[in-house]
Structures are given as structure tokens and as C-alpha cells.
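Student: Quick paste of what TrEMBL says about this protein:
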- 34-64: region 'Disordered' (REGION)
- 87-323: domain 'Protein kinase' (DOMAIN)
- Lys97, Lys116, Glu165, Phe166, Ala167, Glu214, Asn215, Asp228: ATP binding site (BINDING)
- Asp210: active site, proton acceptor (ACT_SITE)
- Lys212: SUMO2 cross-link (CROSSLNK)
Amino acid sequence: MLILPISQDTAIPLLPKSTRPTLLKTAIRNQTEKASLASIRRPAVATPPTSRPPPSSDVLPKETRAETRTVALVKQPVLKLLHLGMFEIGRPLGKGKFGRVYLAREREHGFICALKVLHKDELQQNRVEKQVQREVEIQSHLRHPNVLKLYGHFHDRKRIFLILEFAGKGELYKHLRKQNRFSETRAAQYVAQMACALRYLHSKNVIHRDIKPENILVGVHGEIKISDFGWSVHAPGDRRTTFCGTLDYLPPEMVNPKISNYAYDRRVDLWSLGVLAYEFLVGEAPFEDSAAMTHRRIARADMTVPAFVSEEATDLIERVSDF
């Protein structure tokens, strides 16, 4: 068995290469059958053996039946304490700024997921502990077909582990780079799914604040899933002023103080959706340039849609970006 080092004094066992294709096939099959991680947290309770059949409820006194119903209502399932030993670790799926993501399988039930491993010392050095805490708190409460699910989390002395939904077809960014640009039909499908997901997030008073192709994954059926909620915020009321996100996708009010003194709200995600639609159809972000020039072009909303993009698609991009 190969050993995959995660820190200086601990390691995660890596499955032999011969078993990895089987693990990936299991992942696809589990997603097709819509397997649920709930079985990990709610183990079945065995029925005690009995030598005679239980008495019919019809012959029980009313007080006994009422007491039985009360017990059934208040009895809670026993939760299992999650730990690394519960998972078989497969191939790496991706690498982030503070850790890696691995394909994983829960041993008891065979549930396939993605395990994101974050190193506590790196989080502390970069002072992003609260950011990770906010990411976990927000994403764990979101349930939408186009939002990547966070099923649970646990930690040890040096690492934090996030149990995430496995998106079988990987990063949308890689699909876009491979094809250069998408057809309008495919781009329209992705934009519609993104709009649906953003409407859901905003209904929960969540602003993502970092919408870009690198933060969108593709599920086994080709559906897209918004991921990476590291810059997200729960903002039910006040406008925000934190400068965050990726420059190419920032809205004018984040880079131009004359517009709103850097204050913004959930509509920043809609601006990013317009930029995303442009990139799907053209193959590059509309303001892509040197950092200084990109900053100026965004502040002026200097966007020119190429002539090969249809009038309908151009109209959509302009309307979404002109909120």
C-alpha cells in the first residue's frame, strides 16, 4: 500500500493504483443512484430478539400506548464521531491554497465523496481561521442541485477535514480551456443553472463573492455546482465593504469608490454571472489585461462583446451586467 504524506508526522493511506478505477466507477454509480451520507450518521438500530410476538396495540391500555408513542417521538438517533479511519483515500482531485482535495470512500457503507484537507498551521499563518469557519457554517446549510454539498467535517491535531460532494467531471475551468469556448446552447444551460443557484443563495441571504470558472464543478450528469465558499458571507441586511474575490470578476462598485464608496450587496454575484457568460461564449474574461488596465476597464464598465456572439446572448450579458 502506498503512503500519501499529509503532514510531517502523519500520513493518509493511498489506495493501490489497481483499485482506483473501481473507486471511480463506484463514485459514478453512487451518484447515479443518489446515495446519501445520512446512513453514516444514522446507523440502523437492531431489533432485540423475542420468543413471542409483541402484543397487539389494540389490547394495550391507553396509557401504555400513549407512553409508547411519546418515547418514539423523543428518541434520537445515535451519532457517530467522524474520524479519518472511516475513509479510504484515493487519488488527488485538486489542490488549493491551503490544502488538497482527495477522492474518498466511507468504509462501512461505500459512500463516495471528496475529502478536503486543510492544514491548521497554514490557516493560522495566513490568518484565515475565521474565513474557514464561515465557509463551513454557510456551506453546510445549503442544499441545492447546483451547489456543492458539504456533508460534514472533523479535525485532528494538525488538520481539518471537510466531507464534500464528489463532482464526477471535475472543474468547469478545465472543460472551458480544453474547448476554448462553449456553444451558445451549452453556455445558456450553464448560465441558467448558475442563475438558479444564485437565486437560491440570495434567498438565504448568502453572497458568494467569488464566482469564476475555477470555483464551478461539473457533476456526473453534466450539471454544474458552485463550490469554494471561502469568500462567501451571510448578509441579511447591511451592505458589505470587504474587498475580496478575483480581479477579473469584480464589479465596478468594488474597484471604483466614486460609485458607492466601495459598498455593495448581493448584486455583485450577478455582475460576475455576466462576466462568466461572456467568458463561456468568447473564451476569455471581458476585462482581461494587466492588473492596472483591468482595474480601469472594470471601473468604466468597458466591455465590448465580439460580433460573432448572437444579439440575444449579447443582450443577456449587457442586461445582467447593467443592474
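FYI, residue positions are counted from 1 along the chain as it appears here.
Cβ atoms are placed via backbone N, Cα and C, with glycine included.
TrEMBL annotations: computationally assigned, not manually curated.
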Student: Within a 10 Å radius of its Cβ, which of these recorded positions (Lys97, Lys212) has the fewest neighbouring Cβ atoms?
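Tutor: Checked Lys97, Lys212; of these recorded positions, fewest Cβ neighbours within 10 Å: Lys97.
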Student: Would you give the longest CA-CA distance, in whole angstrom, between residues of Lys97, Lys116, Glu165, Phe166, Ala167, Glu214, Asn215, Asp228, the set recorded as binding ATP?
Tutor: 20
Student: Please name which of the binding-site residues listed here, Lys97, Lys116, Glu165, Phe166, Asp228, is nearest in space to Lys212 (SUMO2 cross-link), Cα against Cα.
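Tutor: Comparing Cα positions, the closest of these binding-site residues turns out to be Asp228.
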Student: Taking the Cβ of Asp210 (active site, proton acceptor) as centre, how many other Cβ atoms lie within 10 Å?
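Tutor: Summing over all protein chains shown, Asp210 (active site, proton acceptor) has 21 other Cβ atoms within 10 Å.
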Student: Based on Cα coordinates, which of the following binding-site residues are within 10 Å of the residue listed as 'active site, proton acceptor': Lys97, Lys116, Glu165, Phe166, Ala167, Asp228?
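Tutor: The binding-site residues close to the residue listed as 'active site, proton acceptor' (Cα within 10 Å), listed in sequence order, are Asp228.
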Student: For the domain 'Protein kinase' (87-323), what's the mean pLDDT in this predicted model?
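Tutor: Overall, the domain 'Protein kinase' (87-323) comes to a mean pLDDT of 87.
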Student: Of these binding-site residues, Glu165, Glu214, Asp228, which scores lowest on Cβ atoms within 10 Å?
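Tutor: Result for the binding-site residues Glu165, Glu214, Asp228: minimum number of other Cβ atoms within 10 Å at Glu214.
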